[in-house]
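Lifted from TrEMBL, the feature list:
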- 582-889: domain 'GPI ethanolamine phosphate transferase 2 C-terminal' (DOMAIN)
- 362-383: transmembrane segment (TRANSMEM)
- 395-420: transmembrane segment (TRANSMEM)
- 432-461: transmembrane segment (TRANSMEM)
- 626-643: transmembrane segment (TRANSMEM)
- 655-674: transmembrane segment (TRANSMEM)
- 723-740: transmembrane segment (TRANSMEM)
- 814-839: transmembrane segment (TRANSMEM)
- 851-874: transmembrane segment (TRANSMEM)
- 886-906: transmembrane segment (TRANSMEM)
Amino acid sequence: MLIDALRDDFVFGSKGVKFMPYTTYLVEKGASHSFVAEAKPPTVTMPRIKALMTGSLPGFIDVVRNLNSPALLEDNVITQAKAAGKRMIFYGDETWVKLFPQHFVEYDGTTSFFVSDYTEVDDNVTRHLDKVLKRGDWDVLILHYLGLDHIGHISGPSSPLIGHKLSEMDNILMKIHTSLLSEERENLSPNLLVLCGDHGMSETGSHGASSMEEVNTPLILISSAFERKPGDIRHPKHVQQTDLAATLAIGLGLPIPENSVGSLLFPSIEGRPVREQLRFLHLNAVQLSKLLQENVPSYKKEPGFEQFKMAERLHGNWIRLYLEENTSEVLFNLGTKVRRQYLDALRTLSLSLSRQVAQYDIYSMLVGTVMVLEVLTLLLLSIPQALSSKAELEVPLWSPVFSLLFYLMFLVLSALHVIVCTSAESSCYFCGLSWLMAGGVMVLISALLCAVVSALAKMFASGKLLSKNPAHPNSRWSELDVVILLGTMGHVLSLGASSFIEEEHQTWYFLVNTLCLALCHEIYRNCFLGDDCEPWRCSHGERGFVNTAPALQDGSIGHDELEPHRASKSPASLNTLRGWEKWMAMASPWVILTCCRLLRSLNQTGVQWAHRPDLGHWLTSSDHKAELSVLAALSLIMIFALVQRRCSLTSKVAMALGLLGVYCYRAAIGNVLFPWQRDSKDISKGLIEARFVHVFVLGILFTGTKDLLKSQVIAADFTIKTVGLWEIYSGLVLLAALLFRPHNLPVLVFSLLIQTIMTKFIWKPLRHDAAEITVMHYWFGQAFFYFQGNSNNIATVDISAGFVGLDTYVEVPAVFLTAFATFAGPVLWASHLVSFLSSETSSGSALSHACFCYALICSFPVSAYIILVTSLRYHLFIWSVFSPKLLYEGMHILITAAICVFFTAMDQANTKS
């Protein structure tokens, strides 16, 4: 009986005593053995099932495979049981059915991802119990209950629903146990009932990372074969979750899975005769020693292997004494010594294998790393060309294909591929590809390398190095350029430390605050120095991305090509602003700093201080629902006020009704209250209200897309395109308001407020170029990712957002909504970047510059990270820290790149450039 997301304190703590009395009785006084089983990250369902059944440590890629689990080909207890003729029945999470197809004689799978349902998903399992417990045509029955996990995702571990669900599970356990006891009285053979969890849940109700609440799960073995004397107090021992596979295999008389790193739970066999105990321990030790020999070349020097050989020799001596029918105290003492030696060997072997058994496909990893580095190098070499007035990025691949270097590289790579694939002892993904696919990859690597060499040769031949612009000797780097350059490089370097990754939000908060101070310095210098700093201000319009764009051949740079502001060609100045606007411009950096400081108090994130109380926890407590309701209402009003100013009348009406629907949805599911509502007893799933909002989101997006298409027909009408882009942005804001939890709505308000302030009082008056504006949007987008309460921890992903408005699990919309809710900060800032640059210049070059800079600034951390993860693959925190960060970076690039490509394509189609 597997209860999804069952934390150890739900059974062994105060909640267990209160809500699971029968289970508590079995733990304290019944015929049982209790353990706290530690689950290794990633703590999501599919990898944990694999660990329970195979005894091995799943890879981090299983986080992605968890969405659509493939059949498990690795040796496991289920496959061994089927081969032995065991009849198995399964009810519950359909992940089991996908992992073990055609293994069960009867099954009924339930959808695991529809987290809004925590009642029917368990009822569909329990409804089979009465019939199946009366039948005697099965050997193994597996039940996987999902309701507790779904409640955690919806409302967290402190929800009153948790207690009701634990009581329900306790009653089901009692029904199963009493049925098994009555059957034993007839058949006189003991059964085994296993109660366990696959993972726990964090204090926010999610899971996936490595906090104590997520990795510690209860494991209880219940059987009348376990004798227990009155007064025998057994405290739960800490074991590894992988130990269950070896224990079940021994108990069922099956071979231990060959890749299992777990050791037998000795309390389960301590009631057996000494001869059987030693035989079981020897079987487990032989299996682990064979696995050690396969994975460690110098296995003979391993302490665990030496202990195993010593135990084997002592075991041989004990058998000789036993066969001589020696029942003296010498035999007993020797048996005790052999048992202790085996247990020590198992513990050492298991620990050693857990550290070293991970098999990495180095060849495939190196091929991928080389391709990424070649593309990054081409991006760096293309900076002058991409940021020139024409905004062109042309990578010639055909000419290198016909060069001698290309053919030599292709032959070398082909020979290397043949040598590696024919000599590889373990499986390799790249070697498993067809020769046509592998040849295509080698052609691409060779062509990219030749293109890099060609670009370098042209650069050195023409003397155009990535340096300060030689055509403008008076131009120099401003303080803002230095901040951007040092901040970007500093962030990339910080990714080499696990602590900086865990607390990356602190890095972005620091960078955003520093950026605000640099902008403050620039504004004050512009206001108070006036014409004395004219050369500095004039150079502003001549810079590209930190002064890397060279001048054109004629020495002139058109204003529309590099400057986002098209209304005036005068130097950057605040003199055009009226009195109060000038004072607002001077105060704007401090207003932004204040907003950022308030947002930091809303959600504690990271690892070190995530447990500390914050404003979000205070607002979401049941005692402050009225305050949360007022805050949510005011936030929705502010969102409308900040967004509607550039929308058409139709979109304004749709936005107002949509935001009203957002509040109604949150009231329907019990998060907030209406003024006339005293409590939230009438809680529903809010399907009608959520779908009501979805209709308006789609309507606003459709209106914006229609305007964009219309602007292609009427090329001269610049206003239609501007309104269309803003309406698409407004539709995304409305969707974010629907998916955000009520206490996070101020994050959306402050995001819009900061964008408005910077647009009116910083970017337009100071006329920053497209590259600088792009970097600022990127930095603020990253900061708002963490202001939402996210981290580089998978447990902070709010899965419940993927089911807003859905009454069943539909994979594509669920994945899209979850991804959008998680990356709403970067997505909205990237969308605002496109809308702002399109509205402030009629040329397509500004957007081309922006998209190139965005791709470049996203590529730096990912490229560095791929090298880092490859080199640190044996690091202690490779699975819990480095791998989740790489997954987040990949998803962030995919989402923001898709938005930039779509909007740029629309803009380029409009300008015919």
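Every residue, even glycine, has its Cβ placed from backbone N, Cα and C.
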For the transmembrane segment (626-643), which recorded stretch in the set 362-383, 655-674, 723-740, 814-839, 851-874 gives the largest number of Cβ pairs separated by under 8 Å?
655-674
Report, as numbers and ranges, which residues of the same chain sit near the transmembrane segment (814-839): CB under 8 Å and 6 or more residues beyond its ends.
67, 113, 564, 721-722, 725-726, 728-729, 732-733, 735-736, 739-740, 747-748, 751, 755, 759, 763, 770, 773-774, 777-778, 780-788, 790, 797-799, 801-804, 806, 846-847, 850, 854, 891-892, 895-896, 899-900, 903-904, 907
With pairs fewer than 6 apart in sequence excluded, do the transmembrane segment (655-674) and the transmembrane segment (362-383) have three or more C-beta pairs that lie under 8 Å?
no
Over the domain 'GPI ethanolamine phosphate transferase 2 C-terminal' (582-889), what is the model's mean pLDDT?
86
